[in-house]
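Accompanying notes for the structure given below.
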């Protein structure tokens, strides 16, 4: 994740010696209780994803390779980035200038990789829904491997360039902000978020329209059969029931897609809009607002395993099996996962 801070302000003393965000111990404890569940949920959820794929062969599909890569990125955010950000948010930055730059590099790399992996999941579903006949040709093992490598290499190169070329060398004690001029702030926000966001909106928009077309087609057939003199035929009633069930599946898939897009935008859009606004506003926006929006973005790493996996019946069965949750855990089905749209 990328944060910006300015070098031009009317209060140079505040800039070079920024105060802690919170002074009261009670307030710090309250903030800790609010923020600590974010890394805890991220670690728990993403470890469950990785363990489920490792344990159950039915989950080891090419499509789930993107889920594992996403889980690794989100887990690294939770383990290597969030703890230090938590200390900074509650009190001050205590880890020095050198590690400040390392922390920034890890932050940008893993958060951007997470967003890029979300794009790969969207791409996989877009091809599965909109071009199913060529899915296996277009999402071959070689191409999936190349996409996975790009999801990690590009963010690493990008973050390294930011630290080496675009990051101001001035260090603000006890805050550890990354300082960029306006062009760098806009470029980093575009590459890390706005361009991937546009692709996700396009891909899921196409999936949404495909689901709508399918739902209308099923509804039209259902109406024709209800008006047909053969509607009392038992075989017709069975077919109508199957089509009605398919319609409900499509409607649920559309709602799930809307939830995925909504959560993604809710988590990341405020931060990256603020990231571009700060240099334009003369860096007068409160650091407290920046920290709040930053943690809203981190929360996406906690929500991803639940949004992308717990909506899938096979993952739910796998989790139940690993956690010994009764008969549900013993009924893991050997079915392909992540087929077309999120499984019902």
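The backbone N, Cα and C atoms fix where each Cβ goes, and this holds for glycine too.
Computed from a predicted structure; not experimentally measured.
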Looking at the ranges 232-251, 292-311, which is given as transmembrane segment in TrEMBL?
292-311
Transmembrane segment per TrEMBL: which of the ranges 144-167, 312-335 is that?
144-167
What range among 65-84, 85-104 does TrEMBL record as transmembrane segment?
65-84
Per TrEMBL, the range holding transmembrane segment, considering 113-135, 182-204:
182-204
Taking 144-167, 182-204, 292-311 as candidates, which has the most Cβ pairs under 8 Å with the transmembrane segment (65-84)?
292-311
Long-range environment of the transmembrane segment (253-272) - Cβ separation under 8 angstroms, sequence gap at least 6:
1-2, 115, 118, 189, 192-194, 197, 200-201, 204, 207-208, 211-212, 215, 293-294, 296-297, 299-300, 303, 307-308, 311, 341-342, 344
Within this structure, do the transmembrane segment (292-311) and the transmembrane segment (29-53) have 3 or more Cβ pairs under 8 angstroms, counting pairs 6 or more apart in sequence?
yes
